[in-house]
Amino acid sequence: DILAAFRVSPQPGVPPEEAGAAVAAESSTGTWTTVWTDGLTSLDRYKGRCYQIEPVPGEPDQYICYVAYPLDLFEEGSVTNMFTSIVGNVFGFKALRALRLEDLRIPVAYVKTFQGPPHGIQVERDKLNKYGRPLLGCTIKPKLGLSAKNYGRACYECLRGGLDFTKDDENVNSQPFMRWRDRFLFCAEAIYKSQAETGEIKGHYLNATAGTCEEMMKRAIFARELGVPIIMHDYLTGGFTANTSLAHYCRDNGLLLHIHRAMHAVIDRQKNHGIHFRVLAKALRMSGGDHIHSGTVVGKLEGERDITLGFVDLLRDDYIEKDRSRGIYFTQDWVSLPGVIPVASGGIHVWHMPALTEIFGDDSVLQFGGGTLGHPWGNAPGAVANRVALEACVQARNEGRDLAVEGNTIIREACKWSPELAAACEVWKEIKFEFAAMDTLDK
């Protein structure tokens, strides 16, 4: 069975048992009345069952309801069908004030019907020939308004300075100021020029997201013809069907696939209603993607540390034990489905490097947009500053130093021999994003 954990907030006067049963019925075989065609099938075989209810500590009138769905209710290899069944209709139920899908347990038999990420973590490292450290990226800013040539120039400067990747922002598709084909050509030129100068393999996340699946595939094919290593997709706005099709194409044609989670906070930010990002992350691993944005813990976007590390493990590891202290409701066995690299992006700069290296480890991408392009000396020095900071943190960690305790000292020591890093540290020494997280663990 597929197991689901729902956070249920019943209307006043509705007992939790009735609410849990209603969720199970509405998201499987139930309807609002008895129908004569019920007698033509075995409802006991196909109906969802609410098998456990527990109150949420500190939250009156909120309950975690566990529902089991028989596997025959779902089409093989279809995240679209899985979500249509489990969350398609039930969230508008009048008997509930609010409903949130907290976690899913995907059984091994169902996991094996998915291809998952096009390549996975180890294959990506082998393709890039980069080991033993996090990868570095940069989102090109301003996200909208640059011409294709100026955009490509910014990519080249960042890659030449020491970054591994540059990135299209999620809303860069094919607008009047920069059509997609022009952008692809200038970015490919930036990749090849910077590779020739640095001797390192470089990439730019070319956003193939489009208004139709046919147009999306046309852009992916053009990227492959240019010989670039990686493309990008906005998987929630583009849809799971489009994403799975693109992931299959990338696997067959040797392209890495970077996934942006644009629109996720509409779905996952409210604590009592919606779908938790750990579910969206599991769905992405099944649908297919080699990278996905996962929050930063320390930057400008929502992300509490234990919760973030919980779904980072769900993205990368092969077997994850149940651990309610990190928000993981079920043990998940991925049976060797390739892993996804988490991407930390949003309001981060060189002072965050020790914390990011310590939190995310080597199998991650650390992406500095404003933290590269905002350098007072220009884009290439901004990239140099980030690369120096990363190398200093990795070396210190490998020497046994504690990044959580000595992080600022390590960065200051590196500033003595890197004027680019010293200038970056001076610019961003006062910038902090200190707000309470909306989504927190139940105590």
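Yeah, the Cβs are placed from backbone N, Cα and C, and that goes for glycine too.
Same-site candidate for substrate binding, as annotated by Swiss-Prot with N89, T139, K143, R261, H293, chosen from S42, S194, S345, S364: S345. In this structure, the CA atom of K167 (Mg(2+) binding site) is 5 Å away from the CA atom of T139 (substrate binding site). Straight-line distance linking the Cα atoms of K143 (substrate binding site) and D169 (Mg(2+) binding site), rounded to a whole number, equals 6 Å. Residues N89, T139, K143, R261, H293, S345 are the ones the record ties to substrate, and the longest Cα gap between any two of them is 37 Å. Between the binding-site residues N89, S345, S345 has the most other Cβ atoms inside 10 Å of its own Cβ, all protein chains included.
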